[in-house]
Amino acid sequence: MLLALVLIPLIAAVAIFFFGVPARMSAIVAAALNLAIALFAASSPDTVKISLQVLADPNINLNLALYDGMSTVMMMLTAIVTLAAVFSGTCPDGREKLWFSSSLLIAAGAMGAFLSTDIFFFYAFHELALIPTFLMIGILGRGDRKATAWKITIYLGLGSIVLLAGLLLAVNQIGSFAFEDLKAAGEHQNAIALLLLVGFGTLVSLFPFHSWAAPAYASAPAPIAMLHAGVLKKFGLYGLLRVAMVVCPDGLNHWLTLLVWALLANIIWVGLVTISQKRLDTMLGNSSVMHMGYIFLAIAALIANGENHIALPAAVLLMFAHGISIAMSFNLVDRIENRTGTLEISQLGGLAKTMPSLAFLFGLVAMASIGLPGLANFAGEVMVFIAGFYGWSWDCCGGQLGIIQIATIISLWGVVISAVYMLRGYRNTFQGPLVKTTENATRLTLIEKAPAIFLAAVLLIVGLYPNIILQLLK
Amino acid sequence: MQSYHLEFITVGLGFFLLMFEAFTNGKKSQLGLYAAAGLAVILALLAFAVPAPGSSGQSIPAWLENFYQYDAQARFYKIIALLTTIAVLLMSVDYSKVLNRFSSEKKNDENTGEFYCLPIIACAGLMWMASAKSLVSMFVALELVTITFYVLVTYMRRNVGSLEAGVKYLILGALSTGFLVYGIAWIYGSTRTMDLSVMAEFLNSHSELISQPALLFGLALMLIALGFKVGAAPMQLWIPDVYQGAPTPITAFLSVASKAAGFCVLMRVFSPFMEVAGISDKLQIALLIIAGATLLYGNLAAISQSNFKRLLAYSSIAHAGFLILGFAYGDQNAVSFYLGTYLLMTLGAFFILSIVGQQAESDQLSAFDGLGKKNPVLAMSMTIIAAALAGVPLTAGFYGKFFVFMAALKNGANWPILVIAFASVAAGFYYYFKVLRNMYWNAPANDTAIVVPTITKVCLIVLTLAILIVGVYPQPLQCLIGG
């Protein structure tokens, strides 16, 4: 059954590209089918498992399973965002095959990566998803698409190779590819940890390897931006939690200070960069880079104290929440550009008058991204900050703050920064007098609203009842 | 069917077609199809060859047993030789227009008959190389192949590029032959035998010979000569010019079959010495230096290429670096596996280049501009092939590099060589994706559709599917190598 989750989008993509089946319809059916299967699999996580041996020496297996709650959460995230993505964006005439088949390929790759319980396929499926991402940005991107696409290709290509080096070194130490055999490596922990941090970090846009992200998301067609920022990017965080934390805990501890500096740069530096953005799409792209800092903070807290049982659920919950909210933002921004023809904040204004439902939905996702209670991101961020102070008290540490606590205090300023750029962006786009670009904007149709409403509902449900995710992570 | 009969049948097929060509009138490119069909029959016969690898019982007759062996490795490299030759002949059939234009004054096919027969002779040589057991039979087979290639490379005699390539190949090839013979002489002088299978035993029982400069000198000469055949630095200089100038099917032939057979011989010649303490460490260092230099040269030089054929030439140097790296760490199966996948990817790339290059009348990367729009299926096939060449997982190309890296890590590779190898993978990623950039991101220069002839289409579908299947399920290929 888990194999179906990978095969359905894959087969649909091949059928669309080569055999000319109706592109949009089959993509929607495949995505909906996948969500249904994912829900079913999540309800009975122990019964579904698949194992195929592809190579005897070294022993490599195509193992798909819901390894633990983290896999289940990521599987749900992938299925939800995929369904929203196939409804998003406007496909240029005559490119339907390319558009829908590459979206489905990315979905299949991401699904495979999160379900694999074997380092080999975990890595391989991610690469499968990357290539259509590169190509689509170069083919159908906005603005300076070629330069942007080449930049993301080189960054993520290099990141993947550094990652591969780290994974191979780890596998060589451990002697097995299977997740259940992973244990702390005997030697070279520091080298493995650095390679994995840089490799996974590049894929998640950890400072200073982040500069590909904002232009790529601004340029990418809506479904691609949604799938990459929402789902595929989480692969790096998932990998750090799943592989790096197990294989090289001491090595990661060795580089903890470096990681903390990098994540603070993500939150504060990139946060300030975000404030200065003049376009909505680059603002959201940068904000996505910035929010990765919080998840890294949770990971850093877990590295500093392996007993920290809040950090992991906090990271996973925030990954889920961010995935949904960033996908929703890119969906809505694409609609704004579709109606007004521009995303320059200075050329927009008063859109709430002509497009009230879009204004409401955008306001909702902006609030989610800032961290308004009641929406999923709040639950995640609060837990991250609590995790930062986990195990610390006046008595135990003589009143001295540790590195994680100081980082947490600084990171709290990120919430203020988010509020500044999100509210400013919202005000300039939706409030004030109508301007030339916005006065003739027509309202969204129901089908255009559907993906955003769907994602908003997920944000609300998880925000009001975060236990729906957290119970999986026990 | 005795395994050595196959070589005789192959030579016979080559001579028969030469005669057939001389005494009949017909389209010469038909010969290519007959030849491919004949080789396919031989490939099928290979399945019934005795003695089957792994089975006991010596059935190679006495007059041959000093020169010829048949084991799993020999079988694998014979398969590579036959498959490549079949593919090259089929590619030649679709390449016949260019060939006609440059081979005769009247621009018809009157001078092209031998072009479809000579690859069969070369194939027989390649098959014999796979089975060579002594330095003599190895040398004879190698020369049979090389001399055939002198003719084939320069076949388009009215094309300056082809002539230049031929002359360069001839001069440097002759030089390397000199090194080879001289090296054989020194090794024979030191070990008193030509038979590779008894050398290790002999040296282990005569340890006073090991430290002698004579033996090491002979080995160094052999390494230079075989390095020339496989395109390893610093003997790689001929590759870009010859590959670029030769007719595209012959470039594919050189790039795959000649390299594979070269590696088979390299492993046969040096693996006895890899087992001798006192020589193995010296040999390993030499191989590692060569591997590092080859990787650096091939990958760094490939980055700036704008001609796709030349890019493939540098990429073939780069692949040679990985292959030598795998052998330096003693994993011959990794080398064989790599070559098996290399065959699929490289032949696919040359099939596409042959079609696109003919219709755009240029081998430049810009000939691929807008292919994603003009012929999406061909572009998709090229995407998969380029990804495989770059070593993206879930394609065959990944496993080749993967095995080499695992062998290196397992045998305690030191940091510099690992850094060079990973940097090479990264560089490869860059220059193979340049092709994708041209295909998808650039607008087409004109609107003429690219038509893919049926033969090429079938071959490409087979190769592309094989790349994906091996990429997901490599077990069968590994079994074939393991015997």
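Glycine is treated like the rest: Cβ placed from N, Cα and C.
If you look up TrEMBL, you'll see B:132-425 marked as domain 'NADH:quinone oxidoreductase/Mrp antiporter transmembrane'.
Annotation comment: TrEMBL describes B:6-24 (among others) as transmembrane segment.
Residues 1-3, 5-6, 9-10, 13, 17, 20-21, 60, 70-72, 74-75, 78-79, 82-83, 85-86, 89-90, 92-93, 96, 113, 116-117, 119-120, 123, 483 of the same chain lie 6 or more positions beyond the ends of the transmembrane segment (B:31-54) yet place their CB under 8 Å from a CB of it. Per TrEMBL, the feature transmembrane segment maps to B:31-54 (among others).
Taken from TrEMBL, the feature transmembrane segment covers B:74-93 (among others).
The transmembrane segment annotation in TrEMBL covers B:113-130 (among others).
The transmembrane segment annotation in TrEMBL covers B:136-155 (among others). Cβ atoms under 8 Å from those of the transmembrane segment (B:136-155) belong to residues 67-68, 99, 103, 114-115, 118-119, 121-122, 124-126, 128-129, 162-163, 165-167, 169-170, 173, 177, 180-181, 184, 194, 229, 242, 245-247, 250, 253-254, 258, 261, 265, 268-269 of the same chain, restricted to positions at least 6 beyond its ends.
Residues 135-136, 139, 142-143, 146, 149-150, 153-154, 214-215, 217-222, 224-226, 228-229, 235, 237-238, 241-242, 245-246 of the same chain lie 6+ residues outside the transmembrane segment (B:167-189) yet bring a C-beta within less than 8 angstroms of a C-beta in it. Annotation source TrEMBL lists transmembrane segment at B:167-189 (among others).
Here TrEMBL flags B:209-228 (among others) as transmembrane segment.
The annotation transmembrane segment is assigned in TrEMBL to B:311-329 (among others).
Feature annotation from TrEMBL assigns transmembrane segment to B:335-356 (among others).
According to TrEMBL, the feature transmembrane segment maps to B:377-400 (among others).
Packing against the transmembrane segment (B:412-433) from elsewhere in the chain are residues 288, 291-292, 295-296, 298-300, 302-303, 305, 311, 315, 318, 321-322, 325, 329, 386-387, 389-391, 401, 404-405: each is 6 or more residues past its ends and has a CB under 8 Å from a CB in it. What TrEMBL lists as transmembrane segment is B:412-433 (among others).
Look at TrEMBL and you will find B:454-473 (among others) tagged as transmembrane segment.
Against the transmembrane segment (B:454-473), the recorded stretches B:6-24, B:74-93, B:113-130, B:209-228, B:377-400 differ in Cβ pairs under 8 Å, and the greatest number is found for B:377-400.
Most Cβ pairs under 8 Å to the transmembrane segment (B:6-24), among the stretches B:74-93, B:113-130, B:209-228, B:311-329, B:335-356, belong to B:113-130. Remote same-chain residues near the transmembrane segment (B:74-93) are listed as 3, 6, 29, 32-33, 35-36, 39-40, 42-43, 46, 49, 53, 99, 115-116, 119-120, 122-123, 126-127, 129-131, 247-250, 252-253, 256-257, 260-261, 264, 336, 339-340, 343, 347, 350-351, 354, 455-456, 459, 480-481, 483 (criterion: CB distance under 8 Å, separation of at least six residues from the stretch ends).
Listed by sequence, the residues of this chain that lie at least six past the ends of the transmembrane segment (B:335-356) yet keep a Cβ under 8 A from its Cβ atoms are 73, 76-77, 80, 83-84, 87, 91, 94-95, 248-249, 251-252, 255-256, 259-260, 263, 267, 308-309, 312, 316, 319, 322-323, 326-327, 363, 367-368, 371, 378, 381-382, 385-386, 388-389, 395-397, 399-401, 403-404, 450, 452-453, 456, 459-460, 463-464, 466-467, 470, 474, 477-478, 480-481.
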